[in-house]
Amino acid sequence: MEGEPVNVNEFQELARQALPKIYYDYYSGGAEDEYTLKQNVEAFQGITIRPRILVDISRIDLSTTVLGYKISAPILIAPSAKHKWAHPEGEVATARAAAACDTIMILSYRSTCTIEEVASSCNAVRFFQCYVYKRRDISANLVQRAERCGYKAIVLTVDSPRLGRREKDIKNKMVNPQLKNFEGLVSTQVSTDDGSNIEAFDANTAFDASLSWKDIGWLRSITNLPVLLKGVLTHEDAIKAVEVGVDGIVVSNHGARQLDYVPPSISVLEEVVDAVKGKVPVLFDGGIRRGTDVFKALALGAQAVLSCRLEGQQFTDLQQRENTG
């Protein structure tokens, strides 16, 4: 590629060139045929913008609030795993970048830096993403450590009763890095001769396949933090989420990494927003590559978007979209 990168897609190409194939495949891949992975991006291309002219745009303010916390633009850093595969400082570097951009980072439970290391790296608002395990003490330990360290919300991923079949990882025989958040809770040393040991690790940590709506009450009972559900794709589930008292919803198909052939997230956003009727904030995740994508999600009712393929160009692009009025 000639010249400096000017958009997220060009940064992705640089990442492909720089990273070992096994790491790049993990970051960029999706489940099975990767149909939904492609659709997450392509669905945005079918949404056009109706610009309005002669609107005063001399003063533009992109800032907004999420759960009462002000951020510089409606873009949060989505939970994503294993940052040390891309940078030696891992999630600590990501946290500092989020703080510098005055936005919120959602730390993944699979982070290669601990909850405590990220919390002490800089002064910023952060949320923590988690799952519910059969051994509830594991989930409780992670959630309560996050609360003690000053994280401001819990983002519960609810679309993964079992790990999605990510065939690139299986073919590459992906080896899990040391996940420091689990030290002392479960064995973090897992080996397998058959496919990805990431799958083997999740079998050992045992996502609770019986997780249901009643368990949201259990999670709320062990923390005073607001709880958001990540992985909602239908109006029925959005209504139920409000009924059980969650504090927010993230419309997401897990970056197309969990269940292939579910709809692209942007195609169901308006349905979920209509179902919620403003009772809780609705955030959006999936397929964001440009400021125009952010703009489209906001126009369809999202309060803000989550992205883990994020760089400053999206903030610039979004500001340009404000020219539409």
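For all residues, glycine too, the Cβ spot is worked out from N, Cα and C.
Predicted automatically and left uncurated, TrEMBL annotations should be read as such.
Over in TrEMBL, the protein carries these features:
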type     : residues                                                                  : note
ACT_SITE : H254                                                                      : active site, proton acceptor
BINDING  : Y26, Y131, R166, H254, R257                                               : glyoxylate binding site
BINDING  : P79, S80, A81, S108, Q129, T157, K230, S252, D285, G286, G287, I288, R289 : FMN binding site
DOMAIN   : 1-325                                                                     : domain 'FMN hydroxy acid dehydrogenase'
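Ranking the recorded positions Y26, R166, H254 by the distance of their Cα atoms from the Cα of Q129 (FMN binding site) places H254 first. The two recorded residues R166 (glyoxylate binding site) and G287 (FMN binding site) have their Cα atoms spaced 18 Å from each other. Once the Cα atoms of Y26, Y131, R166, H254, R257, the listed binders of glyoxylate, are compared pairwise, the greatest separation found is 20 Å. Across the residues annotated as binding FMN (P79, S80, A81, S108, Q129, T157, K230, S252, D285, G286, G287, I288, R289), the widest Cα-Cα separation comes to 22 Å. K230 (FMN binding site) sits 8 Å from H254 (active site, proton acceptor), taking the CA atoms of both as reference points.
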